[in-house]
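This report refers to the structure that appears directly beneath it.
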Amino acid sequence: MPSVATTLNLIRPGGAVTSCSPALKDAPWNFDAVPVPAYGPGSSMADVAPADTPRQGEIPAEYRTATDEELDRRILAAKATLGDRVVVLGHFYQRDEVVKYADFVGDSFQLANAARSRPAAEAIVFCGVHFMAETADIVSNADQQVILPNLAAGCSMADMADIDSVTECWEQLEELYGTEPDASGRVPVIPVTYMNSSAALKGFCGEHGGIVCTSSNAATVLEWAFERGQRVLFFPDQHLGRNTAKAMGVPLERMPMWNPRKPLGGNDEQAVLDARVILWHGFCSVHKRFTVAQIEKARADFPGVRVIVHPECPMPVVDAADEAGSTDYIQKAILAAEPGQVFAIGTEINMVQRLAAEHPEHTIFCLDPVVCPCSTMYRIHPGYLAWVLEALVGGEVLNRISVDESVAAPARVALERMLAARP
Ligand code: SF4
């Protein structure tokens, strides 16, 4: 099976494959200098990046022009020199050319915790996106410094909910619901944020009796919230919120969507009063690409295929799949299967291709036949990794992600509530 990099190489004008543009693959630095903030080519290219989204300045030419072999040699040499003083983390969705240098590979929360297992590491280099580096800074030791190799590696979904819009929404909800608990002591509404959100929103949840969830524990967290509140305000991913609440028996008509650009989120008062879960108008442009038609085609081509999709996919896709689960769930399902199983997977292409390579005993393919990786993950290239690692060797910390303690402290409260929540 060709690697993602090989397939992307075929996506050239006149090439055999059509797709989102591959232009981020070889030279993401070309997009650092664009005058208007944008996520760059790939799945999120149509999403609007906020004006204050972090930008990456130009990195030295030696890293932009180095060959793959030279970067490889320099990264390995810098890592060897730094030894235990550095730990490199690689998200599941990161490209293979970067993941091969990672000391740990996992999802965002697994990686944030992995950093804690290396207390000798003064620097944590997070090959992922901005909110992940923030979470690592929140949970790591105070003397550890978190580095994001390319500051422009954001997350379009996380950027769809910002602290000002959520605060404004909260004020409107408080005006409508009041703040008094009901007879059983449940407050009118509990804020729940997905891990894929800014530190400011995690802090907001900590301050307002709320909690963080991951795609692995969203149902447990919603149960926790329903024990304490009459309703939930769930941000930023509408699909994870809807899929999870629906599986718990919440009717769709009691899940209004909140559009932050409209009064009362674009809803009438009664719909907001009747709500059990208010869903923020956010989504992941990678997982939004999966369709029911792709599942039908997989079933027609491979009778007996097992279709597993990520819960960030739209509800009709989750309903049509055999199973929905987090990246961790997908991995474990493949590990536990009898040899010879055919899997059609609905999540980011780099992870699917890696699973296919690691499990030749199964047939594993991505539901989306068009290679269109996460634009923001693709902002990290080995050139940036070499740049930050060699700077560390020289005693300089570049691209540090530091969350102010006034935000980190309540964010930690919301994360600790999540860890304490039990099914
Ligand atoms: S896959 Fe989606 S949620 Fe994950 S970093 Fe990319 S845009 Fe964000």
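Heads up, the Cβ atoms here are built off N, Cα and C, so glycines get one too.
Remember, TrEMBL labels are computer predictions, not curated facts.
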Which candidate from T81, T327 does TrEMBL annotate alongside H91, S108, Y194, M195, N196, S215, H310, P311, E312 at the iminosuccinate binding site?
T327
Suppose the [4Fe-4S] cluster site is C155, C284, C374. Which further residues of the same chain have a Cβ inside 8 angstroms of that site's Cβ centroid?
S43, S44, Y93, V129, S156, M157, A158, N196, S285, V286, H287, E348, S375, T376, M377
For E312 (iminosuccinate binding site), which residues in the same chain are close in space, meaning a Cβ under 8 Å from its Cβ, but six or more apart along the sequence?
M157, S215, D237, H239, L240, F283, C284, V286, H287
Give the sequence-ordered list of residues that share a chain with C374 ([4Fe-4S] cluster binding site), lie 6 or more positions from it, and have CB atoms under 8 Å from its CB.
G42, S43, S44, Y93, V286, E348
For C155 ([4Fe-4S] cluster binding site), which residues in the same chain are close in space, meaning a Cβ under 8 Å from its Cβ, but six or more apart along the sequence?
V129, H130, F131, N196, T376
Less than 6 Å between Cβ and the nearest atom of ligand 1 is the rule; apply it to the binding-site residues C155, Y194, C284, H310, C374.
C155, C284, C374
